[in-house]
Amino acid sequence: MNILPISAFFLLYLGHSLAQENVCNLPVDEGVCRALFKRFYYEPATDSCKEFYYGGCEGNGNRFKSKKECILKCQKNKQLIKTRKRKPKKTTKPPIPIISLD
């Protein structure tokens, strides 16, 4: 049995996994272009996701379209995700007043 293909696959998988984990430790990078896309980056020192403006090209992987995406990917204390509570929909119409002429 040739173990080389299995070893190569394992090393590629391991490298990919480590690269995925390390994006959270990269510094914020606005990129070199001048667009203003609102994005979020993870700041390890405060274990929080913060807003910044991305220029639209280059930069690094520590860039998320939403704060929730950043939190789910990087933040250690994930309980800080706030869920919006929906107000219950009114499904009944208000009662129609009945006038009695007795």
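Positions of Cβ are set from backbone N, Cα and C atoms, glycine also.
Sequence annotations record features per position, and here Swiss-Prot assigns signal peptide to 1-19.
What Swiss-Prot records for Cys24-Cys74 (among others) is disulfide bond. Listed in sequence order, Tyr42, Pro44, Asn62, Lys73, Cys74 are the same-chain residues six or more apart from Cys24 (disulfide bond) with CB atoms under 8 A from its CB.
If you look up Swiss-Prot, you'll see 24-74 marked as domain 'BPTI/Kunitz inhibitor'. Each residue in the domain 'BPTI/Kunitz inhibitor' (24-74) gets a DSSP state, and the totals come to 10 helix, 15 strand, 26 coil.
The number of other Cβ atoms within 10 Å of the Cβ belonging to Cys57 (disulfide bond), over all protein chains shown, comes to 10. The disulfide bond feature in Swiss-Prot is assigned to Cys33-Cys57 (among others).
Contacts of Cys70 (disulfide bond) defined by a Cβ separation under 8 A and a same-chain sequence distance of 6+ are given as Phe40, Tyr41, Tyr42, Cys49, Phe64, in order along the sequence. Annotation comment: Swiss-Prot describes Cys49-Cys70 (among others) as disulfide bond, evidence class sequence analysis.
Residues annotated as region 'Disordered' in Swiss-Prot: 83-102.
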Could you check the disulfide-bonded residues Cys33, Cys49, Cys74 and say which one's CB has the fewest neighbouring CB atoms inside 10 Å?
-> Cys33
